[in-house]
Amino acid sequence: MKFIDEARIEVIAGDGGDGSASMRREKFVPFGGPDGGDGGRGGSVYAIADRNINTLIDYRYAKKHLARNGENGRGSDCYGKGGDDITLRMPVGTVITDMDTGELIADLTEHDQQVLLAKGGAGGLGNLHFKSSTNRAPRQKTDGKPGERRMLKLELKVLADVGLLGMPNAGKSTFISSVSNAKPKIADYPFTTLAPNLGVVRVGPSKSFVIADIPGLIEGAAEGAGLGHQFLRHLQRTGLLLHLVDIAPFDEGVDPVAEATAIVGELRKYDEALYEKPRWLVLNKLDMVPEDERAARVADFLERFDWHGPVFEISALTGQGCEALCYAIYDYLAEHSDAHRAAEAEDLAADVRFRDAPPAANAAPGDDA
């Protein structure tokens, strides 16, 4: 299935039905009085998170979603039927934003999480409501209210614990296929990976974490060069970044230090918060370096790159060093997961784009407004 991580849709809630101005007409009841019923409420549009969906491709082609209008009220105290609600199922990790106001409507982070996108209009009042001691036969009634109409932007940010960074052909896909159940396309040319891949790494019974591989970055990615800039958003939810560097490039004219520096620069240009995330350096393709040269090459790289954080030496192809790296990742995540969740919750709470949702925002489909 094609991976689509962004879409724009229009949601239109149903209009409320009009109230009825009707009088009771019955034999032997000369002054029956008003009996006009209210109009039905318009249908609302909801979104619900579904962990069984992993792409927004359905919304790339179905751009308009309309709920039904409420029926008009009728005589004999007959109220109009409410319009049916519609529910749009979206992948877990979808961020929904109002394109006109910039308002952040929802961040779907849990399976079955439900949010109101567009509220149906209230039904109009029948003339029954306008009866009084001075107006025994009212002719007044009100029309139904229009439903909400919104243009929405949907962005999918995959939920992963660890994100992989690196130039094209740094060995990211080989690494994720080596340590997880993911089976990405692997080849000896750049940009083999065209969409994010997720893999589950298991280090023991009930001990696992999710790792995300995005297309490789190149210099200028933050300005739109290459493919990686389209997918950097998928790293924003991760708790740890692994920066993979090809320590033994096939082209002798390529400097691994310059490439690693360019990646860090692009990360900072795109998002300062992403740049500040915990990041580990992983020197890959160690099997391509003669054993007697490895220590010197690694030391030279670290000195010129001026790196003082965690560093791991691996060969994704042979598996050398991968097991130790995975155990270290799991231990780190287990130690810092609570702090990471707390930081995410704090960021969401501080996001001024979140609206003060009315109580109806959490109502279940079909509840009367």
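Each Cβ is built from the backbone N, Cα and C atoms, and glycine gets one as well.
When Swiss-Prot is compared with the stretches 8-27, 128-147, the one noted as region 'Disordered' is 128-147.
Comparing the binding-site residues K172, K285 by how many other C-beta atoms lie within 10 angstroms of each C-beta, the top residue is K172. Tertiary proximity for the region 'Disordered' (128-147) is limited to same-chain residues at least six positions away from its ends with a CB under 8 Å from its CB atoms, namely 12-21, 23, 31, 33-39, 42-44, 67, 69-70, 72-73, 77, 118-122.
Among the binding-site residues N169, S173, the residue whose Cβ has the fewest other Cβ atoms within 10 Å is N169.
According to its DSSP assignment, K285 (GTP binding site) is coil. A coil conformation is recorded for G166 (GTP binding site) in the three-state DSSP classification, outside any helix or strand. For the region 'Disordered' (128-147), the DSSP-based tally of helix, strand and coil residues reads 3 helix, 0 strand, 17 coil.
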